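Engineer: What follows is a structure written as structure tokens; I'll ask about it next.
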Amino acid sequence: MKSVNFLLAFVLMAMASAYDPSPLQDYCVAINDTKTAIFVNGRFCKDPSLATGDDFTFSGLNIPADTNNLLGENVTLLTVDYFPGLNTLGITIARADFAPGGVIPPHIHPRGTELAVSPKGHYLCWFCRFQQHPLRQNPNPGFITLANSVFGTNPPIDPYALARAFQLDVNAVKQLQAKFSSTN
């Protein structure tokens, strides 16, 4: 009985600490002045009464970036360094420019959200995800095996897109897809 109680207490404590805490304040405009600010989220925060609209605006994402490179893409990241009002909001904004046939290599950002807008043309997106059913289908939710998620999908991801993203020969990608295929 003691071991059951201990196990139950351990599981409850583990679940209680497995969440993202709520922000301590609505916003925290990042500044470098250590004398007139409080420290939150790894940055010093401007006094909220001194915040202005300029702290929450940025111009420059309207400028296309150079896509003349191996991947045919260029990502412009807008972080708290350039947009101080983003601090503590859990947001990073990005502009991705693509040449025809351009790719972004497969990547992950846990608990991340992406919004994609195409002002002209079209593009294909693949998302590798997991089902959020803790203790039911997956003993480690959030764990993503990248090789299976990239090369073992059904239907398969276009091998030409993967070849460009990983800078591989198309035949090498097809071999990897055959090895990680869900039919094997």
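Cβ coordinates come from backbone N, Cα and C, glycine included.
A TrEMBL annotation is a machine prediction, not a hand-curated record.
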Engineer: In TrEMBL, Cys28 is listed as disulfide-bonded to which of the following: Cys45, Cys125?
Structural biologist: Cys45
Engineer: Once His107, His109, Glu114 are set aside, which residues in the chain still have Cβ within 8 Å of the Cβ centroid of the Mn(2+) site?
Structural biologist: Ile108, Gly112
Engineer: Which whole-number value in Å describes the distance between the Cα atoms of Glu114 (Mn(2+) binding site) and Cys28 (disulfide bond)?
Structural biologist: 23
Engineer: Counting every protein chain present, what is the number of Cβ atoms, excluding its own, within 10 Å of the Cβ of Cys45 (disulfide bond)?
Structural biologist: 23
Engineer: Across all the protein chains here, work out how many other Cβ atoms are within 10 Å of the Cβ of His107 (Mn(2+) binding site).
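Structural biologist: A count of 9.
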Engineer: For the C-alpha pair, I'd like the distance in angstrom between His107 (Mn(2+) binding site) and Cys45 (disulfide bond), rounded off.
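Structural biologist: Answer for this pair: 31 Å between alpha carbons.
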